[in-house]
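Reviewing the structure listed below.
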Amino acid sequence: MERTEVLKPRTLADLIRVLHQLFAGEEINVEEVQAVMEAYESNPAEWAVYAKFDQYRYTRNLVDQGNGKFNLMILCWGEGHGSSIHDHTDSHCFLKMLQGNLKETLFAWPDKKSNEMIKKSERILRENQCAYINDSIGLHRVENISHTEPAVSLHLYSPPFDTCHAFDQRTGHKNKVIMTFHSKFGIKTPFTTSGSLENN
């Protein structure tokens, strides 16, 4: 059947083409998108042009704008880099490991009181694994806990967003954060000093 071929993108360009097909309609089939992203086997020769690292923080590098339906980006995590605890602004978030490992820690939404946030689970995501989260599942923090190996991950957000909330683990208090891109389509963007969710 033609459908099974669609689920096996052979290249990053092929994956992007299939994603455009999957997001052409109004409804999103989460399982299908996740299966397609997981089926793509990471090939550094295809994505290295987008993988722009920063010495001090993880970076967000835009790969494709998905006709306004989604943003596809590559995140580059140096040794020890991590995000804060954050939400996803009512968007679908798919994460696929391209290189290395990342630790994902899931948190419950904080209550109105000023209390330490409750950790729900944690896991290690390994090369070619895919994960999914949305705000109904909870909040998460993503970190490269290796001190010797960088990590690279492919993220799809639908619908795209440019602000989200970062949370203080000790109090549950949140701050609005404007998200920026370190590079777009393989070209470094100016003024990227703000707007990542790094741990402070």
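Placed from the backbone N, Cα and C atoms, the Cβ positions cover glycine too.
According to Swiss-Prot:
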- HIS86, HIS88, HIS140: Fe cation binding site (BINDING)
Remaining residues near the recorded Fe cation site, that is with C-beta within 8 Å of the centroid of the site residues HIS86, HIS88, HIS140: SER83, ILE85, ASP87, CYS93, ILE133, ASP135, LEU139, ARG141, CYS164
Binding-site residues: HIS86, HIS88 - member with fewest neighbouring CB atoms within 10 Å: HIS88
Three-class DSSP secondary structure - HIS88 (Fe cation binding site): coil
Secondary-structure category, per DSSP, in which HIS140 (Fe cation binding site) falls: strand
